[in-house]
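Undergrad: Straight from TrEMBL, here's the annotation block:
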- 30-52: transmembrane segment (TRANSMEM)
- 64-86: transmembrane segment (TRANSMEM)
- 93-114: transmembrane segment (TRANSMEM)
- 134-155: transmembrane segment (TRANSMEM)
- 176-198: transmembrane segment (TRANSMEM)
- 210-230: transmembrane segment (TRANSMEM)
- 361-381: transmembrane segment (TRANSMEM)
- 442-463: transmembrane segment (TRANSMEM)
- 483-506: transmembrane segment (TRANSMEM)
- 527-547: transmembrane segment (TRANSMEM)
């Protein structure tokens, strides 16, 4: 949480008494422009990065994929760290400002690898032979990618929250969230079309130079309105509060809990609605149990040592976080499958991508269809499917949170099955046409066959990821809204690491018998076997998800929405949680 201060450091209410000369809708175009430029720049270089690493740095496909997995994991994790730092120590404005500068520097260094011949290994583009990159060349590459990840974490972590800070109760913050979502989607569409087209047709110097200019514009857009922003100062650290519960419960592990909980035994924060802790995860209740009032409390009745005694609210916050983690972890495998898009770029690059005789779709631009499927499904679900089903039933009907998450997991599994089928067919055609030793050769098979992967991957995101965020928002306290908002980033971070681990293990095991499944030569490898393996793991993950659903019990979000929308007994949910 943060509290606003005026020029003299006095506290003021953020939405009621903020100065009319600060904040308001006039600041939002600058914030949205900053986020849009940053998104186009980073998505633009990420989408086609595997081509750059394999063609310009001579990396094996497995190595390049692992680099991208780890880099994507870092880019997904840094916003979570940034959110904690911004809320607890630094504040949102400095965090975004530093993020734009660091991201800009990272882009310049990455651009230098394309501009300076000595910054990358020599590659013979005609014979597809590259020298091995030197250690300094790799250090420059990895350092630039690291700076870009840190910059993204500084910008994305407080991006939406900083925009909301500019609005008072007379403004409609809901419209701001709509514009944020539109900005993210529209920016990503530009990145996977225009930026990728520039990289494929004008080269990497221009292809990385444009993102550098976009990051510069991102920083300029943000700092232009600095004098008009409402800048809230950080207050308390949520992470510290959770750590205190763990330490206090461990210190008090030898204390016996009373058989009957009473408010005289536990420490209650002033103004708290909680009088006793819940019985679930009961061992954590020892953290808020008063052992000796003379030692545990000050003369004013406050806690003397927060690492030995915590409030009931702190304990329940940690319990809520622990309870949602199993269901959140089921989304990790979904991230693994969705993040196979880098391999799909290589696959599409060996297929016929012509739309007309003079125009062909860049291989990296096929991810456009994933974004389209997300937008189309959300619009169809909210505006057509639910109203139509409700009209037929005569009462409000909806899919519950757990069902939507489950459908998303099944869609991700289906995307891998579709990919395995397409690759099996593509490989067979390539061998029949005599391209076994020519991995760059174009087979007579339309690249549109890769669309099922992107459409199903988009549906899995639309179903699972959005429902997962809603689930966390409804099952975590408001004090943990930052965690709820970044839970998908946490899943993406872990999913990329798991994807890297699976890729390395498959490569190391399968190449012992000859050609690796994930060979740099797709025509000799067996990517279809690899996709089948991921499909099997996804199905096992779905079984794990069902077990987690059973163990978790009812969804608070479904029950609350049911009561809110139509009253008890007048609402039909397609969910049994």
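Cβ coordinates come from backbone N, Cα and C, glycine included.
Curation does not apply to TrEMBL; its annotations are automatic.
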Undergrad: Between the transmembrane segment (64-86) and the transmembrane segment (134-155), are there three or more CB pairs that fall under 8 A, provided the residues in each pair are separated by 6 or more in sequence?
TA: yes
Undergrad: Under 8 Å for C-beta pairs, could you tell me which stretch among 64-86, 93-114, 176-198, 210-230, 361-381 has the largest tally with the transmembrane segment (30-52)?
TA: 176-198
Undergrad: Residue list, the transmembrane segment (361-381) vs rest of chain: Cβ under 8 Å, 6 or more residues beyond ends.
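TA: Hits for the transmembrane segment (361-381): 47-48, 51, 185, 188-189, 192-193, 196-197, 199-200, 341, 344-346, 348-349, 353, 355, 447, 450-451, 454-455, 457-459, 461-463, 466.
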Undergrad: Mind checking which residues reach the transmembrane segment (176-198)? Cβ under 8 Å, same chain, six or more beyond either end.
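TA: That would be 28, 32, 35-37, 39-45, 47-48, 159-160, 163-164, 167, 206-207, 210-211, 362, 364-365, 367-368, 371, 374-375.
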Undergrad: Near the transmembrane segment (64-86), which residues from the same chain, at least 6 beyond its ends, have a CB less than 8 A from one of its CBs?
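TA: That would be 42, 46, 49-50, 53-54, 57, 92, 95, 99, 142, 145-146, 148-150, 152-154, 156-158, 161, 234, 237-239, 339, 342-343, 482-483, 485-486, 489-490, 492-497, 499-500, 503-504, 518.
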